[in-house]
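A.B. asks: Would you mind keeping the following structure in view while I ask a few things?
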Amino acid sequence: MVLLAAAVCTKAGKAIVSRQFVEMTRTRIEGLLAAFPKLMNTGKQHTFVETESVRYVYQPMEKLYMVLITTKNSNILEDLETLRLFSRVIPEYCRALEENEISEHCFDLIFAFDEIVALGYRENVNLAQIRTFTEMDSHEEKVFRAVRETQEREAKAEMRRKAKELQQARRDAERQGKKAPGFGGFGSSAVSGGSTAAMITETIIETDKPKVAPAPARPSGPSKALKLGAKGKEVDNFVDKLKSEGETIMSSSMGKRTSEASKMHAPPINMESVHMKIEEKITLTCGRDGGLQNMELHGMIMLRISDDKYGRIRLHVENEDKKGVQLQTHPNVDKKLFTAESLIGLKNPEKSFPVNSDVGVLKWRLQTTEESFIPLTINCWPSESGNGCDVNIEYELQEDNLELNDVVITIPLPSGVGAPVIGEIDGEYRHDSRRNTLEWCLPVIDAKNKSGSLEFSIAGQPNDFFPVQVSFVSKKNYCNIQVTKVTQVDGNSPVRFSTETTFLVDKYEIL
């Protein structure tokens with residue numbers, strides 16, 4: 001099969017996006033596409049037409065056509081299979097099959113087309129692999145960003161907690177008719193109330209702003225910042241200033257959850273000479289009225305050996321999954337040994353695993369539409385009121401053995417209507433006025449904290465608050481597949497090993 005070009009065009013033959021896989025001029029491809037509508041015979045059910053030099057294989061998509069231009073001696077069955085893959089790629093990047101939407105995402109489509117065909121020949125890829133390749137996803141980068149964002153949120157939360165304590169102390173002192181104490185009296189390291197307020201204000205505000213360069217140190221002389229020991233109103237002004245900057249004063253329940261999240265972040269894993277990475281990624285789509293449209297989970301065990309004396313080993317796998325996952329071992333792994341004894345070892349026991357490289361020894365896949373398999377259910381209830389919409393969002397953890405960390409539930413908002421008015425909330429929130437989104441942030445969701453809700457009001461229509469997107473990380477995998485023991489092939493002696501488990505979100509949407 002030689003594929004000359006792939007294009008999306010209108011019914012009149014106007015090219016919207018076209019990718020040529022062989023050397024071809026713009027005039028040539030435009031001429032081929034312009035001639036295409038004239039060759040079609042509406043009275044026939046064929047999805048291909050031929051000329052003296054090329055063959056058009058096409059599929060209608062509402063008002064557009066997905067067209068493949070191939071040589072006449074290509075395999076028509078392979079052409080049709082490739083055409084179906086091209087047609088499935090387009091809805092992945094375009095919400096509507098319209099000319100404006102295709103033009104807006106033309107580069108994304110071209111990158112995806114290049115993953116399907118190389119130099120005119122079809123690559124052996126599926127839709128999930130195309131999505132992964134075009135996203136250029138990095139697990140390490142996601143983990144690094146998640147840890148950094150959590151540290152920033154914890155620092156902001158601590159500053160807000162201190163500000164609230166200062167405000168409460170001031171009010172208590174005013175009730176008793178006393179003047180609130182300042183922050184002096186600690187010897188040579190004494191700090192005035194004014195400089196402390198300046199430090200707190202600067203820390204909280206700077207956290208949300210991109211850091212261009214390190215801020216210069218403030219002089220220890222007189223400061224024009226707020227002085228907490230002066231007037232009672234200045235403390236209230238300080239808190240109001242936080243609110244005007246878009247910050248939210250944290251409640252006591254939020255402080256409790258933040259402390260729990262800080263306990264979760266353990267120091268980096270001490271990697272042994274035999275190290276395993278167990279990674280799972282979930283793709284899930286639910287309907288706003290309930291029902292699981294699709295859930296797909298991919299998992300893999302990656303083995304890394306840093307000492308060649310441990311090259312000839314076997315992994316003892318404990319599979320407690322009851323959801324019906326499909327397991328697949330590496331081609332060099334003894335499949336009979338794994339099926340009979342749940343041991344991962346090479347077919348030739350005299351050979352060693354590669355050293356200083358990550359080797360995928362076992363992978364699994366789960367695809368279902370069973371609602372009971374959803375790890376975290378999200379219910380979004382927008383109801384129209386006189387001034388706009390009252391939105392109530394609830395979450396519930398269905399898998400009690402999971403512990404989800406750094407959970408962010410992102411709700412789209414109408415543009416140009418201002419910030420939402422928050423009612424009750426479990427956790428904390430961020431309003432991104434540039435992207436018109438409301439982010440509901442929850443440090444930890446586990447069996448002790450398995451449900452919560454958020455209520456807010458804003459102008460808009462119910463459809464404005466979808467799709468809702470969810471992201472999280474977890475150090476417990478979903479399918480309950482673990483490596484419990486590692487032994488050497490000779491003598492069956494145990495080997496020390498370390499394990500790193502990660503459960504990530506690839507795509508989690510409520511449409």
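Each Cβ is built from the backbone N, Cα and C atoms, and glycine gets one as well.
Features from Swiss-Prot:
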| type | residues | note |
| --- | --- | --- |
| COMPBIAS | 167-177 | compositional bias 'Basic and acidic residues' |
| DOMAIN | 271-511 | domain 'MHD' |
| MOD_RES | Ser223 | phosphoserine |
| MOD_RES | Lys233 | N6-acetyllysine |
| MOD_RES | Lys241 | N6-acetyllysine |
| MOD_RES | Ser244 | phosphoserine |
| MOD_RES | Lys309 | N6-acetyllysine |
| MOD_RES | Lys351 | N6-acetyllysine |
| MOD_RES | Ser493 | phosphoserine |
| REGION | 167-188 | region 'Disordered' |
A.B. asks: At a 10 Å cut-off from the C-beta of Lys309 (N6-acetyllysine), count the other C-beta atoms across all protein chains.
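C.D. replies: For Lys309 (N6-acetyllysine), the count of other Cβ atoms within 10 Å is 12.
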A.B. asks: Write down the Cα-Cα distance for Lys309 (N6-acetyllysine) and Ser493 (phosphoserine), rounded and given in Å.
C.D. replies: 13
A.B. asks: How long is the line from the C-alpha of Lys351 (N6-acetyllysine) to the C-alpha of Lys309 (N6-acetyllysine), rounded to the nearest angstrom?
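C.D. replies: Here the two Cα atoms are 12 Å apart.
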A.B. asks: Over the span of the domain 'MHD' (271-511), how high is the average pLDDT in this prediction?
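C.D. replies: On average, pLDDT over the domain 'MHD' (271-511) sits at 92.
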A.B. asks: Using DSSP, would you call Ser493 (phosphoserine) helix, strand or coil?
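C.D. replies: The residue in question, Ser493 (phosphoserine), is coil (DSSP, three-state).
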A.B. asks: If you run through the compositional bias 'Basic and acidic residues' (167-177) with DSSP, how many residues end up as helix, strand and coil?
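C.D. replies: The counts are 9 helix, 0 strand, 2 coil.
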A.B. asks: Of Lys351, Ser493, the modified residues given in the record, which has the fewest other CB atoms within 10 A of its CB?
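C.D. replies: Output over modified residues Lys351, Ser493: least Cβ neighbours within 10 Å is Ser493.
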